[in-house]
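See below for the structure under consideration.
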């Protein structure tokens, strides 16, 4: 462009003369390939923006935009001119215009040299003006041009006026859907001249402004102008500071804006900005989404080359496909000016001793090497000075190699001189800054062992030099009269058809077998044809020139998709004569290494970039090696050795090039290689498409200089890019993107009917591209029939772990009943996004844009405390050491043997296990208006059989490689399942760095054991069993107390290893677990804790399966802890591990948490959270859920996992302080109730206790919000001596958690040491509180809002979560209950009974004795709870839990309730009232059940259905109201209130002090769109059941919080059938055979399943009559979650 400078300074007279000649038009001859010249009239349009010609059959295409002209050359320089005979044309009358992405040439011949000179001068002047204008001027110019062009195109009759009919047609073209009356009204307002009925251009501009008034911008202006129609200077400054987040805003700057953008002179005088000026400003580059500062180089350019991504081109000389296209030197000029810094030159021997450049063994055209070097020399540093790497692929003889070296030195001269370059530290590559203006030659270098005097030597030739594999080579043997022309013409026809067929496949398809098959078939056909037609008599002679004998190797497809090249040996003749024998076979071992001769002159030009052949990562310690990998080989390396690869890339350069099978020049996905730190990822710049758009976006930042600094984490240290939380210690970024509106979105470019097509129905999709864990996408709803100014007003939220390498891609689609059509896109690096109100202009479209509001928050995940609290690093280290073991452990459950064994490759991508597939519910695709859940975007090209942990399904849904998703019976509360099933295996906990509990001293032994046992053969067997029993387990877990989130080794041991023992005597078990001091880790305490107890109970359930293995496990409790989790827990943990990946965490900082926690009553302050944090939380859940079984459990688990048991971590930090680690009962488990479940509750309760716990943890916790699906654990209970306020707060929390058995301090085992508050606290609910906070961040407000029981719709991704306020419900609709579970639960009942007989501590049972008579209570109690639809409250659960929790306690002496606060009425809404439906999946037709009807009741709830109300319940509720047992202590009394059926009382008491107005409204899941008829049908059935139930249940006073779901009367056998396969069992105090409700049969059960055996809840009567109730019925609302 340097030569254009001259034209900027032309005299105005000369410029005008040129312009007038060009606009009036000139007759010229247009040369085309293969035809005679065509005479055409060429002219410049009146706006001087297009060169046009006529006549033309396609007038629309007969134009070239001045903007698209790349260069204009004089004389006969183009290839087409070269094909013409010398004397045909006068060179001074010839010139060529190069334009477009593919450098198409327009070759013109004028009648005289003067005309040619005029056109060349005029065109270069226009190009100079364009290159010189700033972005604002360009935007204004293009806008004006667009309006003028629009007017001209609408003027069909060419009279310069538009009538009303032409306006209507224009409206349709512009995708405006306005009533004709409205259009006519605007038309009349704009038509002001005497010529009524038509609009001139000026009138059309007025009309267009009316039509395009931006309502969204107008409202924005009003909001900052105090309802005026203009902004003053001060108001504008305020807007820029507050909304646009601009710093250093001065009044002068604001005045400049007014002067520059305001249209009205009157406003300029007043120094105010009106709506037109404001619109102009908002549409200007100043408010573009891309940071204007990044148009310049802003990064540190003094680091070694290996610390940068470098823009690289593959086969730069080609203009099209790899087989037939033209090679052009201009392509080098083009890509260098686009910012590419590494170009490729394939050198081959040419005629006359002149090396040529082309793609070997193909029919691409040849260009001279000398011309290429001259072009590179001329254009290398036009746009920037940073170094250019010349990748020489040398296939030449020694003589021509010397010629190459000669040209390089002679033409490039001092650009090759690197002697002055400062390399800085020894053995380090120089920096881009120190190499400015230099050209590096990348090529082979002679080995060092050769003396300096050696003129030549041999080097390996096995690298990308010979990219085309033998199967694709054309070695054309022609002889005996067959001419080259004959052969080429035949082949060309075949290849053209081949290329056409190859277009069938998606260009981005990484692994096109279609093309491979076509290639082979074509080659074989060609070979056969030539054999028939060519009498090859002299087969022994060497062929001269090109020969066509294709070498067809058997291309073996490895499972890993690795393809090794089939190189021929040194004696190539043999392979040519025996095609299919040596030439083609892959005989790696037997073949000789291919070598080539290299001359010293060329070798000496290679300094820092020595090409090394590589089948693997080889670091020989020398600086300056560049490894070259084909994309397929690189893919394997990235998958198998990502961390090793990253370390290599910290010292050396790596180049990745496209597979030889990409004959159509398609591009692979560069992301996986960038993520592994590869610097030179070479793409085909001539091929437009998604991958080049991503590449362009990546390098556009930093001034488009071709060098982008890698993140520091990639330059030092290492991390696993496939991990679910690759950088645990680093804060993440949260992107909150509000998509407001669109402007002038055109019809799809490939629209069949063009402008006459239908008005589009646009929607916006936003995709995050980066690390696998960050890759996801979300979309807005569809706006029908409006492409001109659609309004979406939707917020999308994303969490990004490594923002430095992430890109944000905005896509606009036209929704179509049978798919969607691409309208436009824009891709921007995350780091270049600017916050505030921004326009995103779509690439390549003049006016089309979308208007968004961007907020970027920094959020701290569970690991951020590492930064703030160095003591965490030890925990981190200890946890990390278990990471690999855990991977191995997970592998045991993975049916894919290859992955299971790869413990060290933790990042290996896993396929979903069979269990996953079986348990996965059918999920319908989102309907048109419905938001899709975040979709995972795994672009890894070759990943087909193995997908990384962050891997996603092909369908795009973010897939956290969850182990087979555990089925939680719907009848089991999620938290139970979570807690029980979730308890991490010890090692897992260990692995979870969060499970820092491991760090407790007492725990270390266990951890060691865990590791050892993990490898125990028993374990694998055990796991197998577990897999079968896991469902049962889960089931049982449902009944267990909230099991600890950390599986207690003991617990587990108790559960698993000891299952046998426990069976006879749980008490003993507990003792065993707890007595030996050396095993007494906090986890063991769990055994006593409610949570622990739950685990142990689970044990009972498992005993049958595990019995035979019990002996093996007795000593290996820790192991058990892992195993006990059972597959479910493992899976859970998997979920956890991988889950954290894609979810959008809320941005919640420590301060936020403390603030929230510190002031409980004032929840309004947290209201803001609802919109963002909470919805994000919800989104988080939704995000992974959508493709998991759809169960809330999965979501919760995910959340849990995300937090990786932050609770545990938290605990650790405190526990670690305690003297006796063993003593700290790991209440982390408490995560079970609140912490895990709803930390919301815990959230609410902040107490100093909490604050005492490390605040850091809180922060971290905060980010791992748990979706609203679960209620948190009990809140912390300080010891009596603690600050009263603490107590109060604690109580508050407890009050809120009526359902949590754990709320009762009495249940917490005491630490041996009296003074260890913290341990105790941790044990106590307080601990959970904090823990809870982490998972909870969901929405403090939510928990409070019980009284209002309002349903709110949540925007954003939370579509699947519904939060109802009234009562706590959790469910996993997708959970199926298998007969096995039923059986096991019965067994559990039996165990419990035995345990009771063997001395369970009765005095600890709940005062209400609700469960005294029901050994199996736990088994069934939870069922109610789980039925979200029924709205079961936690109370049942808590009671059963409480009892069970206490059952184990006697074994461990309980300190007096010193840590337990005295219960007092809570000031908060009862948690019981908190209804947290879990995210529900999109259900397939048979899946919708009554459980999908969420009930919201205003006040006490009565039973909806008699079928779920039993006499036991009635009696119990009556007795509970009339009589209460004497509490053992105040806390127990409080607990009794919380868990008793007397919900009415407890609700009143708890809520009495809570101001209704203080309760923020709860969030509710958005309903997905489903068939209306189904919805109506379900609603009507529910209503009928409700009516029927009302009459019978009139007199019944059931506890207020329990809503029993009604079921239609059914035959005796099919009691309470649910499509989810869950069964409902009640935990009733009285075991009246007839009065108990029956369990439903699992969906698809083979038989009716007489499950009465040992099942005290079993009853064949599905419909239980209830007596009429005199009490008033509350109004019932049903929320159909579809």
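Just so you know, glycine gets a Cβ as well, placed from its N, Cα and C.
628 is the only one of 397, 628, 687 that Swiss-Prot places in the substrate site (with 442, 444, 655). Same-site candidate for Ca(2+) 3 binding, as annotated by Swiss-Prot with 759, 761, chosen from 774, 778, 785: 785. The record from Swiss-Prot ties 155, 157, 159 to Ca(2+) 1, and of the options 165, 166 it ties 166 to that site too. Looking only at Cα atoms, residue 785 (Ca(2+) 3 binding site) sits nearest to 814 among the recorded positions 314, 346, 814. Within the same chain, residues 147-148, 150-151, 160-164, 167-168, 171, 275-276, 279, 282, 741, 743-744, 788-789 sit at least 6 positions outside the domain 'EF-hand 2' (178-214) and bring their C-beta atoms closer than 8 Å to a C-beta of that stretch. Across all of the domain 'EF-hand 2' (178-214), the predicted model scores a mean pLDDT of 89. Neighbours of residue 344 (Ca(2+) 2 binding site), defined as other CB atoms within 10 A of its CB across all chains, total 25.
Least crowded of the binding-site residues (346, 761, 814), judged by neighbouring Cβ atoms within 10 Å of its own Cβ: 761. Helix, strand and coil content of the compositional bias 'Basic and acidic residues' (1581-1590), in residues and according to DSSP, is 10 helix, 0 strand, 0 coil. Within 10 Å of residue 315 (Ca(2+) 2 binding site), counting C-alpha to C-alpha distances, fall the following of the recorded positions 358, 761, 814: 358.
Of all the binding-site residues given, namely 393, 814, 816, those whose Cα is no farther than the 10 Å limit from the Cα of residue 759 (Ca(2+) 3 binding site) are 814. Within 10 Å of residue 346 (Ca(2+) 2 binding site), judged by CA to CA distance, lie the following recorded positions from the set 358, 761, 814, 816: 358. Taken residue by residue with DSSP, residue 759 (Ca(2+) 3 binding site) is part of neither helix nor strand, so it is coil. The recorded positions listed here are 314, 358, 815; among them, 314 has the most other Cβ atoms within 10 Å of its own Cβ. Ranking the binding-site residues 393, 816 by how many other Cβ atoms lie within 10 angstroms of each Cβ puts 816 at the bottom. DSSP labels the residues of the domain 'EF-hand 2' (178-214) in these numbers: 22 helix, 2 strand, 13 coil. Taking CA atoms as the reference points, residue 314 (active site) and residue 814 (Ca(2+) 4 binding site) are 34 Å apart.
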